[in-house]
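Asks: Here it is: the structure, laid out below.
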Amino acid sequence: MEILSVNGPHRLTGDVTVRGAKNSVLKLMAATLLAPGRSVISNVPRILDVSIMTELLRRLGCEIDYDPEAGVIDIDVPEEPGIQADYELVRAMRASICVLGPLTGRMRAAHVAMPGGDAIGSRGLDMHQAGLEAMGASAHLDHGYFIAEAPDGLTGAEIHLPFPSVGATENLLMAATLADGTTIIDNAAKEPEIIDICLMLQAMGAQISGIGTKTLTIEGVDRLHPVKHRVVGDRIAAGSWAFAAAITGGDITVHGIDPQLLPHVFEHLRAAGAEVSVLSGSADTEGLVAGIAAANEHGAQDMGFRVIGPQRPHSIRVATLPFPGFPTDLQPFAVALNAIADGVGLLTENLFEARWRFVHELARLGAEITIDGNHALVTGVDSLSGAEVEASDIRAGAALVIAGLAAEGRTEVSGVDHIDRGYEGFFEQLQSLGADVQRVDKPEPFDIDSLA
């Protein structure tokens, strides 16, 4: 198996550039299914999940030309794409479920295997099912597949989401673009990635109002057309590097991201004692939607920020919330920061109940963490010590690597494939920032079943 071998402590310094958001590009790729013909998506990150989604779309009948170096993907969608997404691919990536909405909306049927991906708790499809049923589809689970069928097409409906689920908002939004009549999604997610897909759908001819608010109104149209679209910058990757600077006492400048996407992240980093400054090219626009639209049109190469970490951070209190609150995907980094901070920090996870799994691995490095329900009390220690740890998901893996850079000695992080799914060139960027880190092949761990 492949591991990342990390030697610390090591201060990270230098510049990194982030490309398009993992949490957006996969949904944009799925959205191309709504319109036959050739769509072009740029600012595509070179990550494993994009390759998985590419293969899924190919199996649905799309012809794809993907240039990972240029970050451009051409997707030629047939008049009649397939409607079945098989378990073989879907099990590797939860985002595969995002083909459900566009296939049901355009092809009037979708058979999608229940998703896999990161092991961070129960993330059911109840809201997806209820929303599609409200629009007239029959939806049910059958032998591991989510089956949605609407032989007469979907009909606009008023849908209230009990929680602002990003995945449910995206699927129902895409399905509604081709429904007959008006669909209102109340308590919709407001993440930048939702804004990004709304802007792309508008460019395809969809009629959407309320973008960036909790109420989306979609007037169904008969047909959408192909589009050229640039993916919004990856705020989670950018935030990961921001925390890396704070945790290692480093100095990192992040390019290619609109700082408006990270309001509460900067607030917490400053509370921890880090210096945060915005690059001159990141002039404020009038609102988040306008900012994302401007970056989509002109690029974000002149946007970004700089974080200078303190000698030792102060402990912080963090509660994860839907956007514009603190992102759950950055919670593992906040835990890692508190592990070496001066004082006692409190983390409250309000979105995914199993996201604490990685704290047991962090404890192997010497972190002092007490879990009580959805709260984690972290008592900062003077230093961590290198150890063997395992990544359970994308963000936990990256956070463990950064914690390893703050630890004394060697840390070995297994589960590298998780990190590859969500970060472009993570290993190479670490090296460019001065990290002493290597990818190493290591024998598989002992299989106790072999004794049976």
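The backbone N, Cα and C atoms fix where each Cβ goes, and this holds for glycine too.
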Asks: Arg94, Leu351 bind UDP-N-acetyl-alpha-D-glucosamine in TrEMBL, but which of Asp74, Asp76, Asp329, Asp372 does that record place at the same site?
Replies: Asp329
Asks: About how far apart, in whole Å, are the alpha carbons (Cα) of Asp329 (UDP-N-acetyl-alpha-D-glucosamine binding site) and Lys22 (phosphoenolpyruvate binding site)?
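Replies: So the Cα of Lys22 (phosphoenolpyruvate binding site) lies 12 Å away from that of Asp329 (UDP-N-acetyl-alpha-D-glucosamine binding site).
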Asks: Could you tally the C-beta atoms, other than its own, that fall within 10 angstroms of the C-beta of Asn23 (phosphoenolpyruvate binding site)?
Replies: 25
Asks: Quick check for the class: what is the C-alpha distance, in angstrom and rounded, between Asn23 (phosphoenolpyruvate binding site) and Arg94 (UDP-N-acetyl-alpha-D-glucosamine binding site)?
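Replies: With the alpha carbons as reference points, the distance is 11 Å.
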Asks: Between all pairs in Arg94, Asp329, Leu351 (listed as UDP-N-acetyl-alpha-D-glucosamine binders), what's the biggest Cα distance, rounded to the nearest Å?
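Replies: That value is 16 Å for the farthest Cα pair.
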Asks: Ten-angstrom check, please: count other Cβ atoms within 10 Å of the Cβ of Lys22 (phosphoenolpyruvate binding site), all chains counted.
Replies: 24
Asks: Pick out which of the binding-site residues Arg94, Asp329, Leu351 has the most other Cβ atoms within 10 Å of its own Cβ.
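Replies: For the binding-site residues Arg94, Asp329, Leu351, the Cβ with the most other Cβ atoms within 10 Å is Asp329.
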Asks: Looking only at C-alpha atoms, tell me how far Arg94 (UDP-N-acetyl-alpha-D-glucosamine binding site) is from Lys22 (phosphoenolpyruvate binding site), rounded to the nearest Å.
Replies: 12
Asks: So what's the average pLDDT for the domain 'Enolpyruvate transferase' (6-430)?
Replies: 93
